[in-house]
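**Q** Quick paste from Swiss-Prot:
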- 2-196: domain 'Glutamine amidotransferase type-1' (DOMAIN)
- Cys77: active site, nucleophile (ACT_SITE)
- His178: active site (ACT_SITE)
- Glu180: active site (ACT_SITE)
Amino acid sequence: MNVVILDTGCANLSSVKSAVARHGYTPVVSREAEIVLRADKLFLPGVGTAQAAMDQLRERELIDLIKACTQPVLGICLGMQLLGRRSEETRGVDLLNIIEQDVPKMTDFGLPLPHMGWNRVYPQAGNRLFQGIEDGAYFYFVHSYAMPVNPWTIAQCNYGEPFTAAVQKDNFFGVQFHPERSGAAGAQLLKNFLEM
């Protein structure tokens, strides 16, 4: 099976690569159109700011390539946010608009931002991405912006208020947490995605 990690220029690719390799796959890091489109599974990782990430995707001519994907795609952390319509970061950043939902800054409710550390995730019953993962399992988060709960939400988390921890629209999946840093639950989620 061809597993590709998209070289977005704004992610710690080695941790995702290692986590995938632990499941017996040999992922390829690439931004070449023919390799990406031939992938059976595609990872879209991202860290940092939405503006820097979108600039990198534009510069590397990856925006239309991502939108053309028909295989399962998993956005991780900022990679999930990039699937949205618009980030409220700085003066507003247009995103990939695969999921028609804006990504606002989280309200602090007296809690520290960024939201950093372990938190419980509550998936929709029966969702295949969370198969074999208990309701309320802990996952590791680092973020200050979050997609509100919306029609494409497949898992929620609460940090002062509910927000989208995972999303799905057609073949596009996204997780706000870092499965590669989330122990057994994260490993199971990656396994579920890889075996779809």
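Backbone N, Cα and C atoms are what each Cβ position is placed from, and that goes for glycine too.
Describe the structural surroundings of these features, if you would.
**A** The secondary structure of Cys77 (active site, nucleophile), as reduced to three states from DSSP, is extended strand. Same-chain residues at least 6 positions away in sequence with a Cβ under 8 Å from that of Cys77 (active site, nucleophile) are, in sequence order, Pro45, Gly46, Val47, Val142, His143, Val175, Gln176, Phe177, His178.
According to its DSSP assignment, His178 (active site) is coil.
Counting only same-chain residues six or more apart in sequence, the Cβ atoms lying under 8 angstroms from the Cβ of Glu180 (active site) belong to Ser15, Val16, Ser18, Ala19, Ile76, Gly186, Leu190.
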**Q** By a simple count, how many Cβ atoms lie within 10 Å of the Cβ of His178 (active site), its own Cβ left out?
**A** 21
**Q** For the domain 'Glutamine amidotransferase type-1' (2-196), report the average pLDDT of the model, please.
**A** 96
